[in-house]
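Engineer: From TrEMBL, here are the annotated features:
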- 80, 85, 159, 164: Zn(2+) binding site (BINDING)
- 212-227: compositional bias 'Low complexity' (COMPBIAS)
- 212-237: region 'Disordered' (REGION)
């Protein structure tokens, strides 16, 4: 009987300990979510203009988002260290980097971000991938590469919110971060660049920031149930 009770106890509560309560998400506080640097309608801004080639539009916006997200991260990079962020974590999800051979690499958050920024910098400056000269064609793999870039850039943005929002507040840059996040999310949704399952982890924030920007609710309906199920364990990606 004692053995059975022991098994039940461990199954419900690992090691017989109560799961740590989920930390309150400061970035969801109304006084901070309403902060923007502009009230512009981003839903209109992300739409493909007439007579503009789709790949040109994707290339221009992806490159711009890369530079802005890199700049936003740089404002808190001194607080994102191997000691403070021993894993690349967003809420209860831990991300791993995969090298060119597909090998899974566990790394600290600053290492992960460095991998992201270095690899994206290499791609956006490669004339064979992001051509800037007239008459040069985009590669057949261009859209898939843009999707990959956007997924990684989302991870960086989500990490800033999850782990460094206090520092962002102290620097009074939360309005910039909210504006950048809103613009980026509406862009990737407009062109289906990131699987909604990938962004579910931040659906609570997306719902608040993008609902007033004419955003559709792709994937957002699953946010509460998924986050509730993830409270007591760490997911890996």
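Count begins at 1; order follows the chain as displayed.
Note: Cβ is positioned from N, Cα and C throughout, glycine not excepted.
Values in this document were obtained by computation on a predicted structure and should not be read as measured data.
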Engineer: What are the sequence-distant neighbours of residue 80 (Zn(2+) binding site), meaning same chain, six or more residues apart, C-beta distance under 8 angstroms?
Structural biologist: 73, 109, 110, 113, 159, 163, 164
Engineer: Take the mean position of the Cβ atoms of 80, 85, 159, 164, the recorded Zn(2+) site. Which other residues of that chain put their Cβ within 8 Å of it?
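Structural biologist: Neighbours found: 76, 79, 84, 109, 110, 113, 160, 162, 163.
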Engineer: Which residues of the same chain, at least 6 positions away in sequence, have a Cβ lying under 8 Å from the Cβ of residue 85 (Zn(2+) binding site)?
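Structural biologist: Non-local contacts for residue 85 (Zn(2+) binding site): 108, 109, 110, 159, 163.
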Engineer: Using a 10 Å radius around its CB, how many other CB atoms surround residue 164 (Zn(2+) binding site)?
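Structural biologist: Other Cβ atoms found within 10 Å: 23.
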Engineer: Tell me the Cβ neighbour count for residue 159 (Zn(2+) binding site), meaning other Cβ atoms within 10 Å of its Cβ, over all protein chains shown.
Structural biologist: 23
